[in-house]
Structures are given as C-alpha cells and as structure tokens.
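Student: Reproduced below are the annotations present in TrEMBL:
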- 1-92: region 'Disordered' (REGION)
- 12-34: compositional bias 'Acidic residues' (COMPBIAS)
- 76-204: domain 'BES1/BZR1 plant transcription factor N-terminal' (DOMAIN)
- 80-89: compositional bias 'Basic and acidic residues' (COMPBIAS)
- 142-164: region 'Disordered' (REGION)
- 200-224: region 'Disordered' (REGION)
- 207-217: compositional bias 'Low complexity' (COMPBIAS)
- Glu436: active site, proton donor (ACT_SITE)
- Glu631: active site, proton acceptor (ACT_SITE)
Amino acid sequence: MATDMQRLVGTSEDEDEEDIEMDVKEEDDDEDDDMEKHIATPPLVGVDGLMGSSSNNSRFHHPQIHEQGSNPGGGARRSRPLEEKERTKLRERHRRAITARILAGLRRHGNYNLRVRADINDVIAALAREAGWVVLPDGTTFPSRSQGSKPISGTSAAVTPPSSEMVLQQAPLTSLRGISSGYGSPVDYNASRMKGVYVPNSSPYDSSSRGQSQISSALGDGGEPLNTQAIIGGSVESVDAKQIVDVPSKLPERDFAATPYIPVYVMLPLGVINVKSELVDPDGLLKQLRILKSLNVDGVTVDCWWGVVEAHAPQEYNWNGYRRLFQMVHELKFKLQVIMSFHECGGNVGDDVCIPLPHWVAEIGRSNPDIFFTDREGRRNPECLSWGIDKERVLRGRTAVEVYFDYMRSFRAEFNDYFEDGIISMIGIGLGPCGELRYPSNPVKNGWRYPGIGEFQCYDQYLLKNLRKAAEARGQAFWARGPDNAGSYNSQPQETGFFCDGGDYDGYFGRFFLKWYSQVLIDHGDRVLALAKLAFDGTCIAAKLSGIYWWYRTASHAAESTAGFYNPSNRDGYATIAAMLKKHGAALNFTCAQLHVLDQQDFSSALADPDGLAWQVLNAAWDHGIPVIGENFLPCHTRVGYNKMLDGAKLLNDPDGRHFLSFTYLRLNSILMERQNLLEFERFVKRMHGEAVRDLQQ
C-alpha cells in the first residue's frame, strides 16, 4: 500500500512521467505562484448568505506561450512555457478527479475499506486482493497459491470484483458520476456507520474540480456553450503543444419532454416593499413581471417582512404596499407564494437592503437582550428572537408565538379574497434566521467563516432555564450547562474535545445535550406550524431547511450539530424533523439544491458532502410523504447550473416517480432581464414544465 498522502488523491513521480508523457520537472514555489496568476480560481461560497459570494461567470484564460529568462546568477535554468505548465496542472486535476470518483464508488457499492486519503495505488491493490492476488506493502504483486499460475504476458484475464460489480476501465470524465468522495472520517467511520449516500443521476454536467465554475458564463449568442467548455470532460491527450483537451464541442443533455409539470416561481427583490410599506418602482416591476409572464412563469414569491408591517407598535399592521403588489400580480394572472418573514434582512450575501426587526421589539431588546440568541461569550444576535421566549410573556404582554400568530391572522384577514380565489398557493413560515428552521450558529457578524463548525446558541437566560429543567428531570443537575470544549466559530472538529472522533459528543452528557438542543428546535417548529395551519387552513404551508453540508463526512457532523441538527453518523437527525412537518401537513423547502455545481476541491478540505446531505434530507421527507419544494441559493444564469437543478428536481429513473412540488428561482433582477439570460431561463422553465426544446445537444 502507498503511504498516507497529504491530499485526498495523490500520485507518485513515476505516475506523473507515465501519464503526462512529458519530461518535466517539478515546479518550485515561485513558478507555482506565477502560474496561479493565470488560472481563474473560484472563491469559496456558502449557505444562507454567510460566506463570500462566488461568481458563476468566471472564465478560464489561456496565457500566451513565452519563455522565462535565464537565472541572473549565471547558468541558464530550464523553464517550461506557461501553457505547458497549465496543461500539466489540468492533467493532474483531471486524473485526481477520476481517482476520487473511483474511490467513492468502491466505498459505497463494494464495501472496500479504503483510507480517506487513499490514492490510486490503494485502489489497484484492493482490486487485486479482491481477485485473489497477494499485494505486498512495497507493491510486489503475485498470484496466491490457491489461484495457481497466471499468465504473465500475452492474454490477460479481466477481473471484475463481484462485490462492487464495477468494470475498471479508462473512461472520459463526462461518463463519470458526480459522486462526492466517500463518507469516511479520519478513523474510517464509513466502514461501519454508513447512512444512505446520494448517488446523483448519471449526468453529463458533472465535471472535475474547477471545470463548471470556469465555464459557466461562456455562452454564445444562441445560448450554445463556447469551446471553453471543453475542460468539462473527455480524456486529456498529449498530441501537440497547443491541444489541451480533446472532447466533443457539444455535450448530450437529458431530455425532459413529457416529464412531470413542476411550477416555477420567481422570488421578487428583497426590497420590493420598502420600510414604509410602499411598493418600490411599480412601473419598472410591472415591465419585468410582464416579461416573466411571456416566459410562462407560473408565479412569484415575496417576503412579507415583520419589520415592515408591524414596525412601530404592537398589533398595528400596515399592509398597503403588499396590497398594491398583490393587485398587480393578480392582474397578470400569476400565482403567489408568500413568506412570513419573522427575521431581519441585511448583513448576508445577497442582501441589498436592510430591514430590521420591528422598532418596538428592538426597544424591548435593549432592556432585555436575552430575547435574542446568545453564544457562550455572551454575544447577542438580533437577527431573530430566541426560541426561549416562545412561551414567555416578554413582548408587551404577549409571547413570541402569540406575536407570530397575531401577525399571520392579520395577513389572512387582510387578503382573504386572494385565498378564496386560489391566487395565494402557498405560505412559507419563517422559523429562524434567514427564515430557516435552524439556530444562527454561523453568523458572519461574530467572525464566522467557512468552513468553521459554528457555536451553540443557547446561552440566553430563557434557554438556560429550559436546559436546567431538562437536566434535573434527567437526574443530572450538573448537566445544566453547555459543553466547554466545543471550540469556537472557526474551529474544525478535530481541534475540539467535543466534536473530535471519539469525543464527548458521543458520551452520556454529549448525547443528552445534543438531544435537548435539537428538541428545542423541533418544539419551536411544532408550535409555530400548529398555529400557521390554523391561520391558513386550506392553504399549503411550508418550512425552509438549510443544507449545512460541511463536515458531513465526519462522525460528529459538527456544523449540523451547532445549527440544531442532531445528525451524527449513528443517528438520523432529519427523520424527526420530517415527522414534525408531517404532523402539520407542511411541505419542506430545501435550499441545498445546486450545490454540486460548485468546486469539489473546496469540499474535500472540509470533508463536505452536499449530495449525501441532500439525499438524506430528501429521503427523510419522502419517506414521511412530505412534498418537497426546491430553491436555488446561488445566482444561476447558465445552462450548466440549470441542468443540475433540473436533475435534482426530476429524479432520473426513480421507481416512485418522485419530483419537486414546485421550484423557486432566486431572484428577479436586472441581470436576469438580459437577453441571453432570459433565453436560458425560458429554456429552463420549459423543461421544468416537461415541454420539449429543440436545441438539445446530441
């Protein structure tokens, strides 16, 4: 077996010489730095607007060939042209992507106990041992005695491992599935505690690490990809100095004709209604809505901000701006999805307006800051109210749940005619930060950066009182505290005593605390959705769940735990949430869709698995008979991104015919209104509707 390597997939120098087929030397640090200036590298992206934004329109630039000068110190130094270096790096990345997918397939389908940082030598050795060969640590390989003699030259026997039913062959990258690299942790947790792991539909849109983000904006006048898309797939050949990738200029696409009809809604701008409850730029909005109508979009989605409607005094509601907006939407014969937004807007990526919580709530918070979520250091988060006051009469004589219910009843009474006419098709219920059912465990304002694990948010006096009661009921009063070794916002799991492999999270106290912490989240959703079902009887209600996908391939699932999802490798933390939603007939709005178009190289460093998370959450919902609503959280204007969202919305060859109930596109803006972007979006809408399109690439 090869020695452990620092990267997820590594190669030896001998392999470099054989595969690259070039006599090259290793670049030194200076040359690497120089080369990196010529390669577009996509930045990190994240969830809920909490990370730096990414550009879906980055292009891949080919630098001009030139020779470096000789060393000033004397003897001439051999140096490769920059284009040659670039080609070498592409070859290496391409090979590593293939190896990562082979490793993932063997782990998932063949139960091969491969190390997390296994390389291609481990793959070959595992296959050889499966076939009955003996492989020594130094690589020496020979048949076992039970096999007898094997042909050394001439004809060779092709061996197919029966446990994995895989055929090992050299294949172009476009034929590989976009599987994330395994479920293992640094202690090979995958060998004994694997959950259901998502294997995406076979799709030509999966690419090696940086290909997708580098080509996403390369569209011609007719919407056809430019030749820069060649880096997505195909085998790398060393034919001449100028040829870098040898692939077809067009990629085959899945045909969605005659597939189920999925309604498409477009989210309106965050500030379409200003803080004075006035409709902003009605003429400009009307023009944009008419364009959407011409594209056969089914409807629009809008946030009804608590901080706008009940801004100045308790139970004084101003719906004027929303009344005018809904009239405009009704005249265009659109459907409406409305979000009851009980959180503040501003401070997250994509937030172009600032809408705080109501002024009268902020005044209460200045004298009683414990109404807000609080971390271990005592830092308050005014983005939304703590669930500790759900049943505490601290809001001018009302509990938080009563405040939410009064707001929802006022909306229903104000717009009852829209409910009776069926114009309002769904009501989304805000249940936490960004309207999502989770703790605000990773706030940028407190210094969090991806892929930090975040911090527990249970240190306001009301949640601590709740914890104390739970500990006393358990007979362990000294457990009435949060863990003191769970790290800080930007810690990694292995740096903490609580979340590391074998850490306290799986001990008696850890299991008690995490179960209590997640139960508070479920209880909050249960209370608010029960009242929402009462207020909006006869109309579909939905709850939004975010995808906390980083550190998913570790045993503790630390980032999910601090957000309130008790989902370690030996427990399904989303089944209990699905059961709670089923109790109230609520749909699940899941916002992890489209993640697999991101740079998979970013995932490996954080042991992330967005596809595995998505598959677990969606199956939890479907197992309980809950409809699922899809939503993109990253800007998308390219065919690559749209095709990935289509694949997620309409599962290929699913025996149960499962698909999304509807899809919400974020969001209406001037960029979407550009001609080329509208053409791609219209094509996306048609395919969501199950209509045939004429320009499918063959």
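All residue numbers here begin at 1 and follow the chain in the order shown.
Including glycine, each Cβ sits where the backbone N, Cα and C put it.
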Student: Tally the residues of the compositional bias 'Basic and acidic residues' (80-89) by DSSP class, grouping H, G and I as helix, E and B as strand, and everything else as coil.
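Tutor: For that range the per-state counts are 8 helix, 0 strand, 2 coil.
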Student: In whole Å, note down how far the CA of Glu436 (active site, proton donor) lies from the CA of Glu631 (active site, proton acceptor).
Tutor: 13
Student: Starting from the Cβ of Glu436 (active site, proton donor), draw a 10 Å sphere and report how many other Cβ atoms land inside it.
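Tutor: Summing over all protein chains shown, Glu436 (active site, proton donor) has 23 other Cβ atoms within 10 Å.
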Student: Over the domain 'BES1/BZR1 plant transcription factor N-terminal' (76-204), what is the model's mean pLDDT?
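Tutor: Across the residues of the domain 'BES1/BZR1 plant transcription factor N-terminal' (76-204) the model's pLDDT averages 56 on the 0 to 100 scale.
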Student: Taking the Cβ of Glu631 (active site, proton acceptor) as centre, how many other Cβ atoms lie within 10 Å?
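Tutor: Around Glu631 (active site, proton acceptor), other Cβ atoms within 10 Å: 22.
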